Amino acid sequence: MQIINWASLLLVTWETVVAAELPIVDLGYQRHQAIGFNSTGRYYQFSNVRYAEPPLGPLRFSLPVSPRNRSHEVVNGKGLGNICPQSQACWFNVQGDFVSAVTAGSTFNFTAAYDQVYQQDECTKPRPVADQNPLESEDCLFLDVYVPEKVISKRRDGNGKSNPGAPVLVYFQDGAYVSGSKSDQNPSGLIATSREDGSTGIIYVGVNYRLGVFGWLSGQKFQSEGGLPNAGLYDERLALEWVQRHITKFGGDPSRVTVMGVSAGGGSITMQLTAYGRAIRPPFAQIIAQSPAWEPGTKTPAIEDDLLDSFLTLLNVSSLEEARRLPSQALLDANYELVASRPYGSGVFGPAIDGSFVPDSPKRLLLERKVDPSVRILTSYTANEGFMLAPANVTDDATFNRYVDVLLRGANASVRAHTSRVLYPPIFNGSWPYHSQHERANLLWSEVSTTCNTRYLHQAVATPGYAIEYAVKPAMHLSDTSSVFYNGQGSSSSLNATIAQLMQRQIVQFVKTGNPNVKGDPHVPLYHGQAHVLSLGDNGVRVEPALTNTDRCTYWQQVEF
């Protein structure tokens, strides 16, 4: 086995290569040249490859359209690098202070933290221009392709015939459907791990998709005015179809595509699996769904219409058609302000039932197995998913019940009462898996929004899959991302280099073979029957029962809300 020199990956070394020597790929609509060669990782990077027309003007809030213009000009993506417009709910700032205090063993004054963020009314004011990332642009539907040197060189043999292609890993980023970009993660560690066995390695594709109001507005009123719900899902789908059409030109195998994502990225992958209720075969063979997140109880018709009305009010217009004609900066500002001002503890955007791409609740589609049964699945979740997302002000029954009302806004009074009294009762004597009101809210968010979703995925497909639990403390939502993309850097308490390298080997092995098990490493069990997972923690690696093997998960999949 080839040994990775992780210290060398600390330095991002881009070798100076004469432009004429960098590979060029003819995509039909443009000729795209690699922007550089990483001499440490031995891979080429093709940056900012356009996969859709700019979603501006009449294409705002509409289907993404494949590039129309044909050009023989060679481009390399330099000077583009746009990211989709970003935003974040202000209450996340309070939660960040809470997490920092608790993990440091300090006391946390919620009122003081809340007042500091909210009392000065910063969350309802327009964002200062200086705070905006200059790369933010509606023209953001680009992707990056990272290709190992040997994959490029072996695209064709000496007789001009195509060689068997390399496996492909497509990544959708996290960000609560309102932030993030294809550039958030550095895949150099994964690529290096994929070459440990002496093979050519894997191709990595990072994708931008529309966020916030640009990608996730929905509802009857929005549709009646010509808006397309779930535009972000259609962006992702077009990118996956782009991979199917073009990845052979980079040396990849379109029949060996794995889609990976965490949080919103994992939730998006779930929607891609259930898309159209199995009416159309998915453009991928495997998924790696990490903490697949969506909040099914937060999308009611009234909430959807209220979001649209609030957005139009911020723009000082009365219709979506008028919004389409406004300058881009006006929409960027309104998007930011709308998300920032959302009520404490509430989600804002995400997938919605639209009768087409999302024909029904994904949990119900999975229950009815309306998916391609041949798709192979690897899932993961963290042991403490809801720690940073359950509101810090849940300290008694009254605040817990208010949180239930926020999280399950689409549920009726009976479901909410059952949640508080039966599913998550205020019992803290050790007989339930929580010892405080915040831990109670933590478990509620975890099961409703992420962990139970992994169980639904496994039960929907024909072939038993695999599951991993990330238990390195604090093991909260997203804390495993630094391990997945470990490249020799990082010294935080949430990163264990041994665990990180193990996770990377498991991921790469799954991408290559559909099985995450590597000879000599701890065995990842099949997820079936009693549902066991491989738990990766500070105190060792062991097989344990899945946190999802509960009656509560069964209830959440079957109840209407």
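Heads up, residue numbers simply count up from 1 along the chain you see.
Backbone N, Cα and C atoms are what each Cβ position is placed from, and that goes for glycine too.
As written in Swiss-Prot, here are the features:
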type     : residues : note
SIGNAL   : 1-19     : signal peptide
CARBOHYD : Asn38    : N-linked glycosylation site
CARBOHYD : Asn69    : N-linked glycosylation site
CARBOHYD : Asn109   : N-linked glycosylation site
ACT_SITE : Ser263   : active site, acyl-ester intermediate
BINDING  : Ser263   : substrate binding site
CARBOHYD : Asn316   : N-linked glycosylation site
CARBOHYD : Asn393   : N-linked glycosylation site
CARBOHYD : Asn412   : N-linked glycosylation site
CARBOHYD : Asn429   : N-linked glycosylation site
CARBOHYD : Asn496   : N-linked glycosylation site
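This view paints the features noted in Swiss-Prot onto the structure.
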{"residue": "Asn69", "record": "N-linked glycosylation site", "contacts (Cβ under 8 Å, 6+ apart)": "Tyr29"}
{"residue": "Asn109", "record": "N-linked glycosylation site", "contacts (Cβ under 8 Å, 6+ apart)": "none"}
{"residue": "Ser263", "record": "active site, acyl-ester intermediate", "contacts (Cβ under 8 Å, 6+ apart)": "Asp174, Gly175, Ala176, Gln290, Ser291, Pro292, Ala293, Thr450, His477, Leu478"}
{"residue": "Asn316", "record": "N-linked glycosylation site", "contacts (Cβ under 8 Å, 6+ apart)": "none"}
{"residue": "Asn393", "record": "N-linked glycosylation site", "contacts (Cβ under 8 Å, 6+ apart)": "Phe110, Tyr114, Tyr344, Thr399"}
{"residue": "Asn412", "record": "N-linked glycosylation site", "contacts (Cβ under 8 Å, 6+ apart)": "Phe561"}
{"residue": "Asn429", "record": "N-linked glycosylation site", "contacts (Cβ under 8 Å, 6+ apart)": "none"}
{"residue": "Asn496", "record": "N-linked glycosylation site", "contacts (Cβ under 8 Å, 6+ apart)": "Val472, Ser483, Asp538"}
Three-state secondary structure, which DSSP defines for Asn38 (N-linked glycosylation site): strand
